[in-house]
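Residues or ranges marked as transmembrane segment by TrEMBL: 21-39, 51-70, 77-99, 111-134, 143-165, 171-196.
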Amino acid sequence: MMDAAQPSARRDSVYPLDKTQTLVETAMLAAVSGLAYLVSTLLKLDGSLGYFLPLPVVLAALRGGIAAGWRTMTATGFLLVVLLGPFRSLSYVLIHGLLAASLATMWKAKANFWVVVVVGAAVRMAGQMAYLVLSSVTLNENLFAVMMSNVYAMLDQICAAVGAHGSPSTMAIMCVVFALLSVNALCYVFLLQVIYRFILQSMGYSLGPLPAIVRKYLFAGAVEPSTAEAKLA
């Protein structure tokens, strides 16, 4: 009886094939993500490759589920600790990783286009602020004060150009900083929404249709791909 039960127990303990596939894909996509960040950091291509760094995490979530996306982001962070050190690893997580995992979660859940833009922008702003804190501690310099002084100089020049008297208040400077960060984050996530719809659609994944107002200006003077396919059919 004991010998007959052992093969049965061994068969029950075998790791399922779909989970094995998800695990392998997570490891491969984490390696691709870490390599892409390594190349972008060494070659100073953050501005060019920044839009494509979230792609491996998004693919992991769309293929293996939301948990797979977060595991890919975490694995990439640990890989970058070995390749670039803890500071660069935390920089990736704060600037790219959290946003990528958040977008992957919302896209997998088929969230509304504008909800994704707003929530993604909030996550990016939080990551940027945390990165500033981390950099200030690492460099032993108050980067918030440096940023505020630069904005103060910009506002002072604008006031002088328009003939206004006085200097900008601290509240005005903070509002301008918040507005600049908000515009940057909203534009970045909005572009990711549009770009990734075309990239993922070519791979066979659907994130849902673009809003009508976005399609109106995006395809102004051109034929939408779906319309062209319908005419050919």
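A Cβ is built for glycine as well, from the same backbone N, Cα and C atoms used for every other residue.
Note on the transmembrane segment (111-134): residues 87, 90-91, 94-95, 98-99, 102-103, 143-144, 147, 181-182, 185-186, 188-190, 192-193, 208, 210-211, 214 of its chain, located 6 or more positions outside it, place their CB under 8 angstroms from a CB of the stretch. Taking every listed stretch (21-39, 51-70, 77-99, 143-165) in turn, the largest tally of C-beta pairs under 8 A with the transmembrane segment (171-196) is reached by 143-165. Non-local neighbours of the transmembrane segment (21-39) in the same chain are 45, 49, 52-53, 56-57, 59-60, 63-65, 68, 71-73, 75-76, 79-80, 83-84, 88, 92, 96; each lies 6+ residues outside the stretch with a CB under 8 Å from one of its CB atoms.
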